[in-house]
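Right, one structure below, let's go through it.
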């Protein structure tokens, strides 16, 4: 209970704490509030239960005290009594109806409280009333967990005897033995193990009881677990053994026990760290490190990042440990994966004493590490002047020269001006780091301040970019050129103007607001100092940007003001040279304060960039409403449009859904007159808002007078766009403003056509309802006679077809005779076809013909939609119906090479193979003419009439001629086996053999050669006029190619229908 002054409590509570039952009776007789609450919502009964005064408790309960009252942390009087270990109070409360399952805010029941507080008798009193001994609190711990944590052996024994689950796990999978081991309760651990607890059980992170005991340094528990068979080198989920854990936590006694028991001192974890690595880095791991080294630990073993124990010691400056490692063979110049030695690491983290030790032991100060940097680079970059001084005093290049011969006999160290991989010297690093003492040390040691990196930047560029004012002052004072340009043409002033964008962010202080303000102040001082020392604010880089541009782009208001003061009247010249203006750059990133500064300096607010985008356009596009407001207050024009698409500010605001910017534009002077302004394609802001689905912008434009029926250059309105994109909310807004639902585009399509084509059923339903109110007699056809039903069927949108069948059933039979059923089947949408055939308005369409005489069965044959073919055949389709070119569905399938359709029509429907088209082609002719070998073979297997084998078409060609010409060897063999004649000639006088020739001229030549090879005989001399040689001589002078198989236009009939204007429904609205 909270500590309160008893004298401040009500008289009843004071009487309870004085244990004066008579006074309690008196106050209760005076009707004092028995359930009064203190500031922590505790009742008098809570106080009595905590005291354990059963008589007073009984008086309070008899007077109406609530036995289950909860205080501010949900503790009941029963919780209080259990915590006080008063079994009589617990018993009384239970008899008076106290809830034994009541939970506090941590979900702990009175049993949890009693187990945690060693209240054995209270637990014995509670046990007959609880249904489960293993109920978990908020952390998942059962009463046995709390008992094990308390270390009270009798409580643990009681709960186990009553059936508590020995292996109960909390939310981190920790069992009671984990907690007992971690807290060093050896007797409890022994008891749990004797009862069968798993001494090697693991929690969610793989920690065993041995890990837990090792972490907290309980060597007696460690010894007991090891004696009872605990695996000494068992790793956890991170690969750490108990020895890793002991070394990391500095538990030398445990580490000693583990090593003596044979623990592997060189076992790496998942990151490659051994116990020695962790001992080297640990706060209290010095003794552990010495122990490991003395017991054979590998002092040069490297982690997966290449770090040795000496690297780890260097990170935290463990001076003594580094000496031990070096004395025991630790490699001084061992490099990690980044090329850094321990000296690099010590220099980075500023451990001057450790640097001395490493250098004394021969560390190479000239070894290049990450990005080719010396240790000195890192020392000055991270601002350690002591380390810098130490490295300079011992590491600079020096030579010993013989006095007589002038011969160099010894040289060591490094050249202070040696660049890293990016051309940066130590002076560049010092200028970037900002430590003025390091900078002065380098300059006094001969560092070249005019040295440039690979990007042409001097140390002054780096100091300016990082806002290092003192470094800038020193470098400028030392003679650094303030107008020196780098390879991109930028001077130090450019970088200083935008220094907050280039400052390093890996320092812990860089994120605080105070340091951000300090950085902005230093940046301003850098700009001021550079300007005072001759920096030219009008110099532009290779892209035409000056320091003013940089300050504006990065929102540095103070720098911008200072630079503008120094630019005088040159800013207007910069704006007019065709490059992007500072105002554009400020607006693009939404730096409204910089926009204000630029406007006050007199810049033109209607300046445009090279592609014609005005500043207002850019602000509207990005949605920077403060900038838009500022520009409009200066009368920025809303009429200026960019060059390519002619979009203006209203277009981009609407297209990007920036409703606040759009509202400002519409409310500006003259803005209301631009509500219907069009771009190069004739699009209005309303169309673009609908296209993007920006409902708030749509409502705003409509309220401001936008015309919903305006059309673009292709005749499409905002409604067309909403129908294509499925913008239901936008369409609702348009419909509420009486938009013309049936407005047609240049192809005669309305929004209904497009909604049906794109499958937006809900939108189609709404549009149909609106159209029915406005123009109920409209046939809903486009220029080619197609209705929304055609489009829905063509794309297989069954939900749209259902809407049309329900709301506009008559439209199914209207329009182009190439019906919706044809459209569904030709694209293989059998589900849509079935839906149409099942409807009452379409049940007579199964044999309907289009303008070319084609039935739905023809369409299904083209698509090889087996399901569609079966569907129309079940509905009574005429299998042998022919179109105007004389072709049946089988002939169409053979012509298109749809072998599945051919097989179905032949085997199941028994299609007539003797049918001829207008050019006397059979199905076999058509299959061979397109080289559809599989179809030809299927047809051949079903031909039982030999006449069909040698049937000729209008050009006297047999299937053998055509198959031979197309190189169908399998079909030719089958035809020959079926008795196809090899001497029959076509109208060109060619036999099937000559038909194999690539063209007519080749065939003629082949015939001449064959004729000369024949032996002379009376039979040959008296050959009939129709013999091949005579016919060939008749045409031997003709060299034109043999004409193709006549098809009366049918060959391309369906192709045109699928891709042309008659059948092939072209794509819907594309933007």
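The backbone N, Cα and C atoms fix where each Cβ goes, glycine too.
Marked as repeat 'ANK 1' by Swiss-Prot: 7-36. Taken from Swiss-Prot, the feature repeat 'ANK 2' applies to 40-69. Residues or ranges marked as repeat 'ANK 3' in Swiss-Prot: 73-102. If you look up Swiss-Prot, you'll see 172-201 marked as repeat 'ANK 6'. Residues or ranges marked as repeat 'ANK 7' in Swiss-Prot: 205-234. If you look up Swiss-Prot, you'll see 305-334 marked as repeat 'ANK 10'. Residues or ranges marked as repeat 'ANK 12' by Swiss-Prot: 371-400. Annotation comment: Swiss-Prot describes 488-539 as repeat 'ANK 15'. Taken from Swiss-Prot, the feature repeat 'ANK 17' covers 578-607. The repeat 'ANK 18' feature in Swiss-Prot is assigned to 611-640. Per Swiss-Prot, repeat 'ANK 21' is recorded for 714-743. Positions annotated as repeat 'ANK 22' by Swiss-Prot: 747-776.
Residues 339, 341, 343-344, 346-352, 355-356, 359, 365, 408-416, 418-422, 424, 426, 429-430, 432-435, 437-439, 441-442, 445 of the same chain, all 6+ positions outside the repeat 'ANK 12' (371-400), place their C-beta atoms under 8 angstroms from a C-beta of that stretch. Sequence-distant contacts of the repeat 'ANK 21' (714-743), counting only residues of its own chain at least 6 positions beyond either end whose CB sits under 8 Å from a CB of the stretch, comprise 681-682, 684, 686-687, 689-691, 693-695, 698-699, 702, 708, 749-752, 754-755, 758, 760, 762-763, 766-767, 770-771, 774-775, 778, 780, 1068-1069, 1071. In terms of DSSP secondary structure, the repeat 'ANK 6' (172-201) contains 16 helix, 0 strand, 14 coil. Look at the repeat 'ANK 22' (747-776): DSSP puts its residues at 22 helix, 0 strand, 8 coil.
Away from its own ends, the repeat 'ANK 17' (578-607) comes close to residues 540, 543-546, 548-549, 551-557, 560-561, 564, 571-572, 613-616, 618-619, 622, 624, 626-627, 630-631, 634-637, 640 of its chain (Cβ-Cβ under 8 Å, at least six residues beyond either end). Here the repeat 'ANK 12' (371-400) has, by DSSP, the following mix of helix, strand and coil residues: 20 helix, 4 strand, 6 coil. According to DSSP, the secondary structure content of the repeat 'ANK 2' (40-69) in residues is 17 helix, 0 strand, 13 coil.
In the predicted structure, the repeat 'ANK 3' (73-102) carries a mean pLDDT of 95.
According to DSSP, the secondary structure content of the repeat 'ANK 21' (714-743) in residues is 17 helix, 0 strand, 13 coil. Here the repeat 'ANK 18' (611-640) has, by DSSP, the following mix of helix, strand and coil residues: 17 helix, 1 strand, 12 coil.
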